[in-house]
Every structure is written in structure tokens, then in C-alpha cells.
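> Following this message is one structure expressed as C-alpha cells.
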Amino acid sequence: MIQYIKNEFYKIRHEKFMVYITMLSLVPFMMNGINFYINDDNLSLKNGLYFRLYNQYLMLLPIITSVIAASLFYMEYTNRTLLAWLSYDKNKFKLFNSKVLAFLLISLQLMLVNLFIIIIFYAFNNAGLLTLGRISLSFISLNIFIIVSVGAFTLFIINMTKNIIISFTAGIVFTIISMILIAAPFSYLLPATLGYRIGHLLLDSSFYYDKPLIHTLTGFLITVITTLSLYFLAYKKFKIHE
Amino acid sequence: MIDIQKLSVSYKKQQTLKDLTYNFKAGQIYGLLGPNGSGKTTLFKAILNLVPYSGSVTTLKKSTIGHLIEYPGFYANLTCQENLSLHASYINLFDLDFSHMFNKFNLSEEKEKKFKNLSLGMKQRLGLIRAMMNNPDIILLDEPTNGLDPIGIKDMREIITREIKSAERTAVISSHMLHELTAFADTLILIKDGVLIGHLFNSRDPYGLVSVNFIEKTDTEFKKQFQHPVNILKTDIDFKIYGNYEELSAFYSNCERHSLESLYVTVMNLNIQGMKLL
């Protein structure tokens, strides 16, 4: 399995989408970093630099996630390598999972790079350990929920349609829906907005659901069920057609 | 080497292979002949366990399979060398020196080129290197000359003859062109609409026998249709056409005069007619 995952990284070594995606993930920090020095030096977690960053990542992360997940599978379809690749192991699930794990590793890598830059920036501007901890937990919460839920959704879309444009569009639609419903009292029903609200709770404890425990647990359950369902449906659609 | 029993494959309620039974022996080269959509590629996919099927496909334990099916699929942005290294790692071959293989398949100058910059002929040859890399016991080639220009076809024929025909392995090469396969194959297997409808033994002895099975038509009608002095024997269940290469070739030419424009189409037509007779 480790060799299979290594091979996934080998396949994308010359792929430009990885460079673009890495640069795109850094755009929010670059924009807000510039804004910090020329316009607004408010570092408050509630309404300062990190709060703006946090909201912008909610917009960008579903797109970035869908591009990574879709591209890893699409390369097998567009290069017509699927047949040769699937013949390497009788255990198709193992090959499928090697790609899924590669996607998770790339996404987590991007998350850690961005988090590291934010932490360094805040530490450089005299933030305390508590602040750094709250930033880390909220950022990780937002990322994990979006990576897992949007990732599973994209895996299903790309393996069902074999179409990269539809998969990217699905990522954008996901973003728009998340942004519209971000403040809705029922937003716990959507994994991405639940992740946002959990992360946001660490920035501003006055803004959360009416019934915190029930709504959070319900949201968790829905997230787990939908993610696992989409993951298995994606695997079912992942096959060679006659 | 490959024992196939009652193999059936269905896709969207349509059977693409129907109760196919055949035993591919070791050391033989088989030509799989049939029109487009007859089930040749599906048979390869079933042997590789890439499509769900009923029946059984049995190969010898630990036998290795190399294949080039449908299209030489490689990663467009990796070089030839990188693509082969990647393939090698999947089959647990590490630190291989591919130089001699690039030389053998006339690709030495292209090894650092990205796959997307190769011609189709070069891509096919790279696909053959991949199929042959671990010196497999079984090799499956699906229309390896498809889409190539005449020079590419000639190159590919030479490589296949040199690298596969000489080796002691089971090879199955598909084509819808009979003359392509007679150059390589010991046995021709005829397939149409997913049904194995007969086989033709190619002894390579100029005086050896070649037989094609046709069923349910009177010998008189058949002779009238083709008007050729090959030996046609009617048995209880079929016709057998006997002849050496020259006779069979003349037979095909005669078929051409009786029906379509090119030898290729005529030969296919002959086969299709033969199949229809079934």
C-alpha cells in the first residue's frame, strides 16, 4: 500500500495543477497579509485578520479539495491508464484507497503549510499560546470537515461522470451553498458548515447552535453517514466500462 | 496455460461473451480474429479479471501476464523512462536498467521525452516494452497495429515477430485483419457476437493443413460461391477447407473477386459469412 501511495505522488510530480493549487491555497494569507501592513492591523480572532482568513478559506477549500480529489482520479481516465493500473492488483479496493489516501495526504499537507504560515505570522506578532491553540483547532476543524465531506462528494462525482468540469463545478456549487447557509440555524445538517461553526466557536463562543450538544452530535452523525455513503458509492462507480 | 470454461460477460443486460470455452496452451501464439464489437477486448479484460464474469478463467499458479489492451495508456506528463519505472514498481521490479529495452524496441532517443510528445507508433512500442518488461508467461495484445501508418505497422510486426514469436510463452494477439494474424499465429480463433465460432490451425509447414469450420451449407453451394480448387470436405457437422498457405491465400483472393474491394474486407466478409453459416 505504501508503494502504491508513493506511486500516486510520482504520477503528479510534473502536474501543473499541484503548483496552481498550492499557490491558490496561499492567496487568502497573501491578500490579508498585505492588507494587514497597509490598511488594517487588527489581529483579533473575533473580527480581525484571522476571522477574515477563516471565512475566505471556507470559500476556497471546497474548490481546492474538489480539484485535488477529481484530478487524481481523472488522470487515470484522461490518460487511459485505468485498465493498466487496475491490472496491477486483484484487490481493486486497495488501489482505490491508495488514491484516496494520496488525496488526503496532499490536502493535509496543504492544510499544515497554511496553518504553519498563519501560526508563524501570529507568533511573530506576539500572540500567546492560547491564541495559537485556538487558531490551530479552528483551522483544523474547518479543514477536516471540508476535506472529508467535499472529498467524498467529489470522489463520487468524478467516478460517476468521469468529467473533470462537472467535478470542479460541483466543488464550486458546494462552496456557494455553504456560504449561503453558513449562519442558518440548521447549518449543522451540512458537514462543511458544521465544520465552520465548530471552528468558529473557538473564535467567538457567543455564536453557535441553539442546542449545542444535540445539534453537534446530529451534524457529526450526518457527516459520517454521508461521507461513508459517498465513499462507497464512489468505489462502486470506479470501474472499467465495456 | 489459460483454461477458459463457459465464460460469459454481460454489460447493461447485453451479453458480450457467451459461454466461451477454450484452452490456450503454453508456447503457442494465438490470433484472435473477429469484427469490431465481437468480444475480443472483453475476453482480454476477463482474462485479466477486470470485468465481472460468470464461468471460469484459470491460469497456472504464479504465471505472469503482460498486456497491451485498447490503447497504450501512460501518464502524459511523465517521460518514457519515468512511466516504465512507475510500471516496474507496481510489479515489484526496482532499479531496472531500461536501456537495452529501449534499444530493442527502437526507442533509445525517446526515453527522456514526455509520453504526450510521442507518435502513436512510439506509444505502441512503449506499450510493448511495458507488456514484455517482466518476461511474462502470458502476453495479451489487443490490435497492436491499430491506427498505425504503414511504416509503423511494419515496425510493429517485426518487433512482435522478433520478441514474442521466438519466446516460449502463450501469446494471444487480437485483430480484425486476418492477414495480420497469419504472420504470427499458430492458431486462429474466430469470434463473433461474443461466441467462439471456430478455430484454424496454422501449421507453418508449407504442406500442412489449414482448416476452417463452416457449418450448414451444402458443399455445392459453397463451391459455387467461391469457385476455387481448395479442398473442401463436408462432414456431418461442418465444412473443412484444406490447403497450404499459397492455396489458402489464393482462396482468399478468389473470395475478394466474388465480393468486396479489398482483401482485408473480403477476408473479414468471408469470416462473417462463415460465422453466419453457423
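Cβ from N, Cα, C; glycine included.
Those TrEMBL annotations? Automatic predictions, nothing curated.
As annotated in TrEMBL:
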- A:17-38: transmembrane segment (TRANSMEM)
- A:58-79: transmembrane segment (TRANSMEM)
- A:100-124: transmembrane segment (TRANSMEM)
- A:136-158: transmembrane segment (TRANSMEM)
- A:165-188: transmembrane segment (TRANSMEM)
- A:213-234: transmembrane segment (TRANSMEM)
> Tally Cβ pairs under 8 Å between the transmembrane segment (A:213-234) and each listed stretch (A:58-79, A:136-158, A:165-188), then give the stretch with the top tally.
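By Cβ pairs under 8 Å, A:136-158 leads among A:58-79, A:136-158, A:165-188.
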> Check the transmembrane segment (A:100-124) against each of A:58-79, A:136-158, A:165-188 and return whichever range has the most CB pairs under 8 Å.
A:136-158
> Where else in the chain does the transmembrane segment (A:136-158) make close Cβ contacts, counting only residues six or more beyond its ends and a cut-off under 8 Å?
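Those are 45, 54, 57-58, 61-62, 65-66, 69-70, 73-74, 100, 103-104, 107-108, 111, 114-115, 118-119, 164, 166-167, 170-171, 174, 191-192, 194-196, 198-203, 223, 226-228, 230-231, 233-234, 237, in sequence order.
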